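Peer 1: Please read through the structure below; I'll follow up with questions.
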Amino acid sequence: MKILITVVKNHLLSILVALFSAAVIIFFNFQIIKYLFEGEFNWNLASIEISYIQMAKFWVEGGSPWQPLWYLGYPWHVFYTPVLPALEVMLHQLLDFSFAHAYRVITASAYVLVPVSTYLFVWQITKSKLGAFVAALFYSIAPSVIALLFSEVADDTLSQTLEPRRFAILVRWGEGPHTLALVFLPVFGLFLDRALQDRRFLNLFLACLFFALIALTNAVVVWAAFLLTAAAILNQMAKKDADFIFLVKRMVAFGLLAFGLLAFWYNLAFISTFFREGGQALNNWLVLFPWQMLVIGFFVFGFFLVLKKFLGHFNGLVFSIVWFLMLFGIVYIYYASGESRLEYAPQALRLNTEADLALSVLVGTIVSNIYLAALKIKGIYKIPAVLGALIIFLAILLALILSGRQLLRILPQYAKPLSASKVGSIENTAEYRVSKKLKELTGGGDQRVFAPGNYAFWLNYFVDVPQIRGALYQSSTNRWPEHIYYQVTNGKDSNIALAWLKIANIGKLVYTDVGSGEPYKDYKVGRDKFDSVLAVVGEDRGDIYYSVSLKNDSLVKVVDKDAI
């Protein structure tokens, strides 16, 4: 009976420690990001967040399997991964949030929860809450390891200080789906690690479920999940009692079940459009085949044998080392290759924060194993060993606390909504003004418009005017929009541009000069190219509006078959 009481007390104490740790992690991250729970839109209107806000808006207002406003139209089911837009729709319908406010609440919540899921993951693979707490705080506070090596990453901050990379990618660049998927990534790792250690179906199912949630939220994090899976397998193979046959069977079952959960969305049409940009990474790997690939394979195999021999008996150490080195290597090569920008995973630069996450896991794993090793020491050396481990923990904790205090003073203001900026309201922006002007000029007809850069991103949030571009080029199923856009913004021949404008049924075009409020300035040609073939119908603060002479602006043309 006494033994049972002791076990229950220890279990309750463990839960209380975990809850307290989670509360500290949540409190700190909430203080950093708290203003993201308020209002609508971030200060950087050139971020991609408006794309994800519009998806939810289209979902509610469209009511059709066809999306006619972007890229000459496309089937609705290829628009993007659905989890974030679906959550926005849910908050809009249940709590009457605007889509923009719903986006901020969801992504702010995700920002807070990623370190919590990191805590749970490290606790699982190391069996130590101490190291898990260090890992979660490290990811919450530490700057990007890539920023310490490359100035272009270090300079891409809001505060001009060494801030966490994940803060910039969410608040400055609007990577909401990326941030949300990162919540699921460590939880996927947690259940995958369990599924590879025992035969219970529940762990396998939950691993598949969280992998599916990752894939249905953001494709970038899928690549990190693949690498995490490889690291998890190698971690199990490094153990003395590794069961290779069981691992093979388990991974086959994982693959089939995970794809079964994804197949409703990841059909051939979606895969062929959404992953179109990943071809260069595959080509870079094929260039290494066969001889360089063999050399790399032998090196990796030898490195694994070394890890297995010397570190295989440590909890989670092989796991965390392998995962970090793979992610770090991919991102490092991308930046170190200079203008070549070699990619060995699609959108390698966006795996920066995953590399930071993996480093945090590695730091937590090292701290855990030092502490657990100290506890196992017998005799007179036990107390000094435990004290030494605690000193290491406290030193890391103190450094993180000092850095965290600075971040708490500096970062929160950058998460404030647009209403707290000098702009004040979205109606005061060039994006709003241009969108309304194009709606007025088109007069409610079927003609499309040509809006460059950020104007295209925001256009259909304000008005339902069809355009040649949109806010997410992966959803385009037609090859013409990108070619037409290039010919108009870069081509020298005005008559070719005019022909393409007419072919695409574009009736109005916005040209931006140096005085325009549009940030990207996509036009690489002077306005004389358009003055020679188009009529100016308006000019306002650097934005010149042209009309294209269309005999019939209907999307359906009646032609004389004998004239064809």
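Just so you know, glycine gets a Cβ as well, placed from its N, Cα and C.
Just lifted these from TrEMBL, have a look:
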type     : residues : note
TRANSMEM : 12-33    : transmembrane segment
TRANSMEM : 102-123  : transmembrane segment
TRANSMEM : 130-150  : transmembrane segment
TRANSMEM : 204-233  : transmembrane segment
TRANSMEM : 253-275  : transmembrane segment
TRANSMEM : 287-307  : transmembrane segment
TRANSMEM : 313-335  : transmembrane segment
TRANSMEM : 355-374  : transmembrane segment
TRANSMEM : 380-402  : transmembrane segment
Peer 1: Report, as numbers and ranges, which residues of the same chain sit near the transmembrane segment (253-275): CB under 8 Å and 6 or more residues beyond its ends.
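Peer 2: Contacts with the transmembrane segment (253-275): 75, 77-78, 80-82, 192, 195, 204-205, 207-209, 211-212, 215-216, 219, 229, 346, 474-477.
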Peer 1: Are there residues at least 6 beyond the ends of the transmembrane segment (287-307) whose Cβ is under 8 Å from a Cβ of it, and what are they?
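Peer 2: The answer is 234, 237-238, 318, 321-322.
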Peer 1: Might you confirm whether the transmembrane segment (355-374) is in contact with the transmembrane segment (12-33), defined here as three or more C-beta pairs under 8 A between residues 6 or more apart in sequence?
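Peer 2: These two segments do not touch.
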Peer 1: Most CB pairs under 8 Å with the transmembrane segment (355-374): which of 102-123, 130-150, 380-402?
Peer 2: 130-150
